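The signal peptide annotation in TrEMBL covers 1-17. Positions annotated as domain 'Ig-like' by TrEMBL: 124-206, 530-612. Taken from TrEMBL, the feature transmembrane segment applies to 688-710.
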Amino acid sequence: MEAVFGLLLMLLRVSHGVETSCDGRQDGAQCYGALGGTVVLQLMDSASEIFRYEWSKNNKTAILQGGKNKKLINQIEKRSSFSDGTFRINSLSRTDSGEYTLQTYDSSGQRSEQRTLQLFIQAPVSSVLLVSECLSQGWTRVSCSSEGGDSPQYSWTLDGHTLTDAELLSGNHETNNIILKQDVSGRLVCSVRNHISSVSREENISTCKGVETSCDGRQDGAQCYGALGGTVVLQLMDSTSEIFRYEWSKNNKTAILQGGKNKKLINQIENRSSFSDGTFRINNLSRNDSGEYTLQTYDSSGQRSEQRTLQLFIQGVEAYCDGRQDGAQCYGALGGTVVLQLMDSASEIFKYEWKKNKTTTIFWGKKTIVTNNIANRSLFTPSDGTFRINNLSRTDSGEYTLQTYDSSGQRSEQRTLQLFIQGVETYCDGRQDGAQCYGALGGTVVLQLMDSASEIFRYEWKKNNKTAILQGGKNKKLINQIENRSSFSDGTFRINNLSRNNSGEYTLQTYDSNGKKSEPQTLQLFIQAPVSSVLLVSECLSQGWTRVSCSSEGGDSPQYSWTLDGHTLTDAELLSGNHETNNIILKQDVSGRLVCSVRNHVSSVSREERISCIFINCTLSNGTHISQWVSAATNTLCIELTTAPTTETSTVGKETVNTVTITNVTSSNQTVTSSISDDPWYFRKNNVVAIAGVLLALVILVLVGVAVICSQKKQKNDKPKEETDEQELTYADVRFMQRQGQQVQKRAEVEVEYGQVKFPQRPRQSVERAGDDCLYAQVHKDR
């Protein structure tokens, strides 16, 4: 009941004071009121001039009845008032929604007028959450969501003006999720409104630089990584000002960088890179940037003074998989990266092996150096148990087994996971005029252009009606302008390493032996960045609802879907949003394994989280009262680590259990800690008396325990040292344990357990009386 009452209070606080007005004198008027608020309805010009009137809801019993020289009858007078044509209704609830009809009558009893109005009761919009993140291409994705409001509508401004198409990559200024183009920055404001309220939130958006990585390439043989479409910063040397001449080349071919003391810098890729005193920054990375790079330096006599190499790997899509469950199925993209969560922490495991098809990949033990057989393209982090594999190939697919062992050499656990490496490869039938085809950025697309090229006398395939990419025909040599990354075989064209420049309209033109053209055939090719990692953010709202936001990195035109414990979310579980939006609000008491799946035309990925909100109610030692809904998984409120009493409330079934922790400081700077967990059936009747009784009993028992300890110690100290066996009492552990098997009872039965009395040795010394410096007694109550 306390939780329900608290929820009602919060709802009233949200809506209190929200007053709306509406002119209902026009037939068919639409009026809006705030949940818990007030609505003022102008029903007529003057009631004093109307002989008789009735105002009813849904054509049932009249709510208002009155007229000239007639007594006013108001069925809801406890929360409303009527004054000469104006009706004021307070404490609005959703049941007030409906169609209302006003009927007026003249002195002869004839109906003179009838008109209706629709009243809609909405929850007001309250706090707004604004979440922004940088995507790998340098774009900025921003998500806007509000708490509690019915039928929210969104609008965006940047530095005071409405967002334009030139600033937006996707979405529009009336959606709640947008992606801003590169170099767009400023004061971004999201405004959320409905018919009875409006609220906004602003954030200063800075220009995103895309996914940026850095690497120290000053060591020979360094391995460096960059993200597809992102930026890599390479530290090649300490300072160029002291080097007479240097060259930095890729795969031992033409130098990319050339320079030296008093020499002009030559940069072959200066349109997307910069070099400054030993640091080389490369932007808009592509897979072609992967390779071995060599730095050679020369002295003033032309002799080579140094040579060192570095390997640069450009990674594509990164996927994550939790492999801590036996039988997990994990997926990675061909040429991309997969992060596998193998264990919570390897530091607590005596020895483990991770094998693929019986061949050991990783071997580690507490006294053994980590062995990683694919260390050249992977990284294992023992502290969090994650294994990162880069530059994935199809040979990485297979069944992997983790075996752990204890200190005696016995196997303590074994579990497997299946890893599937998928090429981001798409297929499209382009034989229909106007076909729409999709390819993955950095991936492969297979286009079926014709049934059989061998039967066509001559053909040309052009992009944007410019120079032909493909030319050929019966008994004619095939000309392919992009043969370094594509292949054509009897009507099927395969294009690899796709870039955004491949997007466009393509036209196939065929000719017969007389040179006559057939009807041209076009297709649209769209290159999309695949969806990669998914971010799932949840928060408990004041009404006990759970707001969840789902967003993915890198994917163009993402589409969303939700499941809870394996089934699609239903209207009974959703307060707002639907199972195809990326922002949802779940109703109270909805909990379980929530999965958000994100897909586009070239990829799909998902992320899951266990959702559970609980209501806590406690008062801290400083007098602060906490009463709110929090996530069960991350709750740290109502838990104090200081030397003061704290109260923590949690839910067990339908009962509320309070835990009081009392910490005292003794003369020897040790602490006494006692925890009292109340029996919900007992404390329900009289919390104050119960807690006071238990605390009094604890104080008495602690005093008795301390007195016994001090008495024994005093007697011991009065004896000669030889008679005390050179020992002294350190502490006694006093425990209060509730008897097992007891259920409903008027008070908890407690038994006292004494024990753990230790007598540490002391060196021999002359006999002397010790002070009454009792150390401590530790008091527990175990459930």
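Even glycines carry a Cβ here, placed using N, Cα and C.
Per-residue confidence over the domain 'Ig-like' (530-612) averages 85 (mean pLDDT, predicted model). Residue counts of the domain 'Ig-like' (124-206) by helix, strand and coil are 0 helix, 47 strand, 36 coil (DSSP-based). For the domain 'Ig-like' (530-612), residue counts in helix, strand and coil come to 0 helix, 45 strand, 38 coil, using DSSP.
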